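**Student:** Next up is a structure, given as structure tokens.
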């Protein structure tokens with residue numbers, strides 16, 4: 001070693017330090033008391049202290065109704081602590097997500113083993129396997145090939161701006177169905193902006209006179225990508241963390257009921273997402289694709305441009321074909337594990353012991369076994385390629401499950417649900433819209449996952465008091481928490497779109513507000529819409545599935561629960 005620096009060859013040496021050694025070269029005479037105070041009393045350190053301070057205030061001063069509410073009070077204090085850190089980002093989000101591992105045992109909420117089990121179950125396995133497959137798709141540039149091929153289909157001649165916009169949005173929604181919506185946005189935004197770069201000037205600078213239609217189309221594309229990712233993610237369990245949290249809470253609160261499978265959620269979520277997608281496309285066309293815009297854009301957007309980019313990727317390699325085969329096989333296994341009550345899927349062979357996470361990890365394992373055909377001995381994936389695994393999302397899901405279990409076992413859910421007691425006297429037809437609007441309002445100021453984690457346990461207690469099926473409230477609450485369409489900070493996807501410079505907050509409000517209203521309406525359709533859905537999606541009739549069935553036949557057909565809850 002020279003001067004504390006390690007040679008590159010020694011990076012794998014077990015005796016070498018994991019992190020570089022930091023030397024403090026500042027003279028001791030400069031490290032005065034004032035210097036130390038300035039380094040201690042920083043805004044971030046104050047935010048760090050805010051969490052435990054608020055927790056102490058709640059534990060000492062809060063008065064919850066009922067007897068023996070100490071555990072519930074402690075749970076509320078821990079919740080306030082965690083949400084203070086989440087909102088201020090005083091501590092990295094993954095570290096905050098791990099805090100239940102020590103806070104719950106120390107505050108007497110649950111045991112260490114019990115809370116640790118929330119961080120690894122079938123739902124988490126489903127996420128891990130899906131993320132590894134998504135990394136393989138990204139590593140071999142399959143997402144870009146897919147986007148270019150689909151966009152070429154919609155890039156007709158002469159150019160039709162609404163049709164091209166439909167192609168970009170549809171591609172994003174499709175990609176988002178099979179991976180986390182944030183990852184889909186990050187992957188698709190460069191593809192979309194790459195198309196926009198062919199248009200004259202960026203919105204920031206150019207002396208050339210830019211037609212207004214060009215700027216409008218740029219806004220439509222960026223808004224379409226971020227909102228299509230959200231809408232597409234509603235279709236499947238793997239599309240967004242909210243769906244996974246909902247499924248995990250259902251399994252945690254009602255272990256005696258049949259779990260919600262991938263296929264069962266798909267047959268509810270896909271029709272809803274399809275309706276929302278059509279509404280989104282219509283809103284964008286009305287606001288940002290005026291008549292004649294295709295003629296103005298055609299000199300810059302031509303099929304030959306897309307064909308050139310596709311040719312640069314070359315023919316599909318053996319590795320790409322194998323990754324697609326594994327991915328397709330996983331989707332088929334997901335969809336056929338449980339089909340209907342009358343037609344059991346392959347899951348019955350294992351007497352229900354195998355879950356969606358089982359096949360997710362199994363198919364991901366194949367990527368480390370199948371050769372890539374590029375270099376002898378190399379496989380499609382190795383652990384080095386998995387360094388980009390989003391452990392922050394995995395830990396956040398685990399924290400969500402731990403919080404939900406803690407809120408339930410501590411009795412806090414029963415206490416807090418009294419604050420929403422007005423729902424018990426509301427008309428039956430108004431309950432779902434009210435829940436959806438409450439969730440959709442909260443989620444604009446905090447993360448979708450945090451909104452779901454806090455709200456769904458309360459809704460379960462309210463459903464028990466009203467003696468209705470819990471899914472009647474759980475589903476509107478979870479889906480509504482994904483309607484963060486108005487502010488850039490609502491979701492990471494919104495941030496990705498906002499940083500492109502093509503959109504402003506007023507564009508998000510102008511597009512997001514009608515989309516949020518439409519989403520609430522589609523989610524809360526009453527019995528009169530039964531025939532409409534059967535007409536639009538006749539293939540679902542034989543399977544007794546429609547958007548409405550998750551409410552009026554919850555636990556009988558779609559989720560197959562065993563009687564009352």
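Residue positions begin at 1 at the first shown residue.
The backbone N, Cα and C atoms fix where each Cβ goes, glycine too.
Per TrEMBL, the feature transmembrane segment maps to 47-66, 78-103, 123-142, 154-175, 220-245, 265-289, 391-408, 428-447, 468-487, 535-559.
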**Student:** Taking the transmembrane segment (265-289) as reference, which of 123-142, 154-175, 220-245, 391-408, 428-447 has the most Cβ pairs under 8 angstroms?
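**Tutor:** Against the transmembrane segment (265-289), the leading stretch is 220-245.
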**Student:** So which residues does the transmembrane segment (391-408) touch in its own chain, when a touch means Cβ under 8 Å and the partner is 6 or more beyond its ends?
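**Tutor:** Distant Cβ neighbours of the transmembrane segment (391-408) are 75, 78-79, 82, 93-94, 96-101, 104, 109-110, 114-115, 118-121, 123-124, 127-128, 131, 180, 182, 241, 244-245, 248-249, 252-253, 416, 449-450, 452-454, 456-457, 460.
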**Student:** Quick one: do the transmembrane segment (220-245) and the transmembrane segment (123-142) reach 3+ CB pairs under 8 Å, ignoring pairs fewer than 6 apart in sequence?
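**Tutor:** They do touch: at least three Cβ pairs between the two stretches lie under 8 Å.
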**Student:** Same chain, outside the transmembrane segment (47-66) by at least 6, Cβ under 8 Å from its Cβ: which residues?
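**Tutor:** Answer is 72-74, 76-78, 80-82, 84-85, 88-91, 411, 415, 418.
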